[in-house]
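Following: one structure in structure tokens, then a few remarks.
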Amino acid sequence: MTNLRKTHPLLKIANDALVDLPAPANISVWWNFGSLLGLCLITQIATGLFLAMHYTSDIATAFSSVAHICRDVNYGWLIRNLHANGASFFFICIYLHIGRGLYYGSYLYKETWNVGVILLLLVMMTAFVGYVLPWGQMSFWGATVITNLLSAVPYVGNSLVQWIWGGFSVDNATLTRFFAFHFLLPFIIAAATVIHLLFLHETGSNNPTGLNSDADKISFHPYFSYKDLLGFAALLIALTSLALFSPNLLGDPDNFTPANPLVTPPHIKPEWYFLFAYAILRSIPNKLGGVLALLFSILVLMLVPILHTSKQRGLTFRPITQFLFWTLVADVIILTWIGGMPVEHPFIIIGQIASFLYFFLFLVLTPLAGWLENKALEWS
């Protein structure tokens, strides 16, 4: 008799994705982040569902409903802290996952990569609308500032902003629809994740050498299922440690003050994981230019496969591009720092240089270095 997991219509799909999947024998811990992102998504949906049971999306009660969750609901404080800090870990994993893709040339699986970029945009949208829900000062003003950027769209800008607001300012209608979006989007993300995996399993995983690994495959289970389990344990220990010992470390103190349209906080800034993009937005004096730069700071990832010039796939044996990659990492860290600083000298010029370098690395230096390394190989 054949094994049920190989014949059952539903089980064989799971089997082909999680048990009998042939995986390269040499994939490192950098290949763990995909499954960790899956774990993050499941954790966020689970904690979010329990929060939604007690949350009210009305400006009169939203702030106090969050306080009520933390004070009166059984383990509500824990669920809320896990959900808020889970978002941070989600983005840590996303950025490491993207960094791995850039380093090892995984972006040459174009469909998988492009679905991944769409996933990043969806997660960013979800995090943004979610941050508005507690209706604190930074929630309100963050929503006001970011939605206002759409007014830079020529001709239809103002109508667009009022349409999204549901009125002439960020108000009750805005909060209600943001809650609806925040509830809906994670399920769209889950669906897009399935598509992401579907495309990945058409080609199989890349590996640290960037060479074809068909001759050296091992089954996903038990080898990588247990390796993933170790990653799960590390992530969950880190998340619970942060949520239990220092839950407000990454939050903004301004969000402990209920939203007040009459008082603007001294420094309006998003959560840490958006600061690099916020710095790029602010570094351009023109409103429309800033909005386009903000959009392109993420969409530039879609150009990476097109701009790949090297004959080799990964950066494992490419010292020049390796240097550029780590320059990019340092640049994003600098942008993150600048995004959290006030708009004054010397932060303005540092932000502008870092923003220019960000795009210059992606669009000019990396393709050039790839071409140069090809030439060096021809000469040697």
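Counting begins at 1 with the first residue displayed.
Here the Cβ of each residue, glycine as well, is placed from N, Cα and C on the backbone.
In sequence order, G48, T126, V129, G130, L133 constitute the residues six or more apart from H182 (heme b b562 binding site) in its chain with CB-CB distances below 8 Å. The heme b b562 binding site annotation in Swiss-Prot covers H83, H182 and is backed by similarity to another entry.
Feature annotation from Swiss-Prot assigns heme b b566 binding site to H97, H196; the stated evidence is similarity to another entry. Around H196 (heme b b566 binding site), the C-beta neighbours below 8 angstroms that are at least 6 residues distant in the chain are T112, V115, G116, L119.
Residues annotated as ubiquinone binding site in Swiss-Prot: H201. Contacts of H201 (ubiquinone binding site) defined by a Cβ separation under 8 A and a same-chain sequence distance of 6+ are given as D16, A17, L21, in order along the sequence.
Taken from Swiss-Prot, the feature transmembrane segment covers 33-53 (among others), and the record attributes it to similarity to another entry. If you look at the transmembrane segment (33-53), the same-chain residues 6 or more away from its ends with a CB under 8 A from one of its CBs are 69, 79-80, 82-83, 86-87, 89-90, 93-94, 96-97, 100, 182-183, 186-187, 189-190, 193, 228, 231-232, 235-236, 239.
Non-local neighbours of the transmembrane segment (77-98) in the same chain are 30, 33-34, 36-37, 40-41, 43-44, 47-48, 50-51, 66, 69-71, 116, 120, 123, 127, 130, 235, 238-240, 242-244, 247, 250-251, 271-273, 301, 332; each lies 6+ residues outside the stretch with a CB under 8 Å from one of its CB atoms. Annotation source Swiss-Prot lists transmembrane segment at 77-98 (among others).
Residues or ranges marked as transmembrane segment in Swiss-Prot (evidence: similarity to another entry): 113-133 (among others).
If you look at the transmembrane segment (178-198), the same-chain residues 6 or more away from its ends with a CB under 8 A from one of its CBs are 17, 37-38, 41, 44-45, 48, 52, 55, 57, 112, 115-116, 118-119, 122-123, 125-126, 129-130, 132-133, 143. For 178-198 (among others), the entry in Swiss-Prot reads transmembrane segment, with the evidence type similarity to another entry.
As annotated by Swiss-Prot, transmembrane segment applies to 226-246 (among others).
Per Swiss-Prot, transmembrane segment is recorded for 288-308 (among others), and the stated evidence type is similarity to another entry. Under 8 Å from some Cβ of the transmembrane segment (288-308) lie the Cβ atoms of residues 98, 102, 105, 107-108, 110, 113-114, 117, 120-121, 124, 149-150, 152-154, 276-278, 280-282, 355, 358-359, 362-363, 366-367, 370, all in the same chain and six or more residues away from its ends.
Outside the transmembrane segment (320-340), and at least 6 residues removed from its termini, the chain residues within Cβ reach (under 8 Å) are 95, 99, 102-103, 269-270, 272, 274-280, 282-283, 310, 347, 350-351, 354-355, 357-358, 361-362, 365-366, 369-370, 372-373. The transmembrane segment annotation in Swiss-Prot covers 320-340 (among others).
As annotated by Swiss-Prot, transmembrane segment applies to 347-367 (among others).
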What same-chain residues lie close to the transmembrane segment (113-133): Cβ under 8 Å, and 6 or more beyond its ends? 55, 57, 62, 66, 87, 90-91, 94, 97-98, 101, 106-107, 139-140, 142-143, 146, 174-175, 178-179, 181-182, 185-186, 188-189, 192-193, 195-196, 199, 270-271, 273-274, 298-299, 301-302, 304-305
Could you tally the C-beta atoms, other than its own, that fall within 10 angstroms of the C-beta of H83 (heme b b562 binding site)? 21
Between H97 (heme b b566 binding site) and H83 (heme b b562 binding site), find the distance joining the two CA atoms and give it rounded to the nearest Å. 21
